[in-house]
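Structure first, then comments.
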């Protein structure tokens, strides 16, 4: 058995810390709360301009911040939480060997030697207090988290308006928002109101002060989640920490730790103490480990203890499959792929074995009481989601969705934040129906979907089959997309798979923002298009979602530095580049003092005269053309 130390990075050097090309960190201060500093990524262009973009990478891309993974990253929210004076520190539960998948304490202590540096004394709400962002919002309080989010969502829109200053173009491209309320400028008050209404969620456990505030809601930028996690057969703790850092580098707005092997508790400690984004889990996975994988042996008491354990560590949202009811299980019998959710199948098996109602459903208000002590958000799991397009929108799926809507209102009664998980596998023509039903049944609580995959014929390419559905459902109103990697249905993703899945889903989310008409979403596109037209190759690479891949593809055929300033690429070559020809038309127009349209007409007249001078012959000798210079 390898020790805990051997499972961790030998040094901080293993973590990816370099800023992306031509990028540097910039920080914007608050006005209501001047102490806040909102990080963004500034991309410096070769023409002297700067494009500022949303940044999820935390301190890892700021070379001015020293990081020791054994101590964790800076706690940006620590003072905000303390200053509200509604939390208290307490001893917390004692770590049990079963928390880490071991049989006895000696075995566990040997395995996790050296882990104490990351253990924190947990906080909880003082007696009679509620510490959720939803509770504050309903009290009319604009928290530092809310102002932070407002600044972050605006992405220095004042600097990007130069790309959006053509009224005709903006009217033509305004988008279809399907009822979303997209403001020109996000204000802290708007953030507060959206959270108060339950239309948006700020996942922000008081025990995860390292997390930089973000928001999930359809009236904000579409977000992307990345799943990581070890298993009984693959991956070390160190690899999972680096995978989390790697995911945030490429745009993960949240990360779910789905670990199921040994050292689950300790892996989660290391991830949380080093995570600049909210972390989600599926607590039933760890609870199942505690009963040696026998679903029938699960109890409310074991699950409750697991919730408290993870809440004390700082998990920001829990996927809880409380909508898998006993009476819904038979509805899945005629499905092509049955129940494909791990959590859903665990609870279905428990219900059938005991012929009792799902204890997550019967104890739902007890769960609310726990979550509001720490501000853990519900992610109500779709345990009966379709696992194939053949099962999309069936009775089981829709019945569970209605139950999730009922549970949402119970959670809101306790001022606990809620997002709703969605499918799954859904053909394109049925995707909007999913979104419409979710808005209706779940009272506009944010929707969080896995894809959906639009076809089942492409193992190895499911990041694409699902990216299609993700872009569509994001446009229709989904607030957060759970990424799918090329390894979906085939195996656990590695580092490269994580990047591939994230780039695909950031693309889908961005396309959805543009289609919705989100103010400012298209400015980066216009900046890149302008760079492309002006043959600023380095700017094209650096403005893209993956500068490294774009540069590598270009250099496969034109590797020399001189090619980075060439007015052509290897696709068309120097003589057939459409953009070069367009530029020549514009240059000709400028030279002649004409508009582009007039220049084209004048050029046509000149060519017509040349045609007449050559005798109005359709076919002429090449040598004659050469002699006349035409």
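Using the three backbone atoms N, Cα and C, a Cβ is placed for every residue, glycine included.
The model shown is predicted, which means the values in this text are computed figures rather than measured ones.
Residues or ranges marked as substrate binding site in Swiss-Prot: 227, 256, 285, 321, 341, 342, 343, 382, 383, 384, 385, 421, 448. Reduced to three states, the DSSP call for residue 343 (substrate binding site) is helix.
For 425, 489, the entry in Swiss-Prot reads Zn(2+) binding site. There are 26 other Cβ atoms within 10 Å of the Cβ belonging to residue 425 (Zn(2+) binding site).
Under the heading [4Fe-4S] cluster binding site, Swiss-Prot lists 569, 572, 577.
In this structure, the binding-site residues 285, 448 were compared by how many other Cβ atoms lie within 10 Å of their Cβ, and the smallest count belongs to 285.
Distance from the CA of residue 425 (Zn(2+) binding site) to the CA of residue 341 (substrate binding site) is 12 Å. Separation of the C-alpha atoms of residue 489 (Zn(2+) binding site) and residue 385 (substrate binding site): 15 Å, rounded to the nearest whole number.
The binding-site residues under consideration are 385, 489. Their Cβ neighbour counts within 10 Å are lowest for 489. If you count neighbouring Cβ atoms within 10 Å for each of the binding-site residues 343, 383, the highest count belongs to 383.
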